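Structure first, commentary second.
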Amino acid sequence: VHFTCNPGFRLVGPGSVVCLPNGTWTGEQPHCRDISECSSQPCQNGGTCVEGVNQYRCICPPGRTGSRCQHQAQTGAPEGGVAGDSAFSRAPRCAQVERAQHCSCEAGFHLSGTTGDSVCQDVNECELYGQEGRPRLCMHTCVNTPGSYRCTCPSGYRTLADGKSCEDVDECAGPQHVCPRGTTCINTGGGFQCVSPECPEGSGNVSYVKTSPFQCERNPCPMDSRPCRHLPKTISFHYLSLPSNLKPPITLFRMATASAPSRPGPNSLRFGIVGGNSRGHFVMQRSDRQTGELILVQSLEGPQTLEVDVDMSEYLDRSFQANHVSKVTIFVSPYDF
Ligand SMILES: [Ca+2]
Ligand SMILES: [Ca+2]
């Protein structure tokens, strides 16, 4: 008698047996066993083979992926990414349609590798959109994640509801005081400053008095003191917060006379920059008869703090009356937002 097995099974034991004169069969009785898909040891790199009907499946050790664990899982992620994560490549979902295998990936993954060896690789959206000429995905930093990406903002900023824009946190608007008593909180891009402007020290017959947290006034000069009269009658303090790399020209600040209605005001004004650490970045010019403008003419890169002192001198019939100084401090954030 000859034995054969159905497809997918193999014969264990002799292929034929013969009937002996004593009424028994020669040798042992053969039987059919499921063909072992794992017998060829298809799983590489320490993968464990699991039997299925007419197919096998490999369970891969960490760091390995693919139908036979033949691929090294992508570990590195671009800046700020989660490293050492095998989640960036996954096994595709495959279906056997007649003789062909059709594989597909979840959203955010693309199929790579050859047929039979295919693997779903994460789409690196940050790299894809970081290329020249393409729109930026994130205002600040793009972090690639398995199947997606996310945007992060630097400290001192919060991410807006659109998930990509960053907005400065106004530390000064909070319920608790972030600045010590006697100082004033100035919100800046990415942080804040505590300021307490001081009036100039008096000397001789010149002295100043603080009339508000941001204003000093010179006490009246003795009648005969010309040097005293040429010192600023008022000194005011102003604080501005700007992002980096603003496109000039930009009007930052306006200064105008505040003449009392009871007496005739000056009939001419002169404006100029009289101090600070950054004169080259600014010009001061008249915008109308009463007003001068401080204009940013060079783009500023942060983080840095600039100071510029602008002066407005009042003349009545060409004779000097008084001058006023505005001390403008500009906090430039490290970012373009
Ligand atoms: Ca991704
Ligand atoms: Ca802030």
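Keep in mind that glycine also has a Cβ here, set from the backbone N, Cα and C atoms.
Unlike curated entries, TrEMBL annotations are predicted automatically.
What you see is a predicted model, and the numbers here were worked out from it, not measured in a lab.
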According to TrEMBL, the cysteine among C32, C38 that forms a disulfide bond with C5 is C32
Among C49, C69, TrEMBL lists the disulphide partner of C60 as C69
Note: among disulfide-bonded residues C32, C60, C69, least Cβ-dense neighbourhood at 10 Å is C32
Spacing of the two Cα atoms, C60 (disulfide bond) and C32 (disulfide bond), in whole angstrom, works out to 30
DSSP output for C60 (disulfide bond) maps to coil
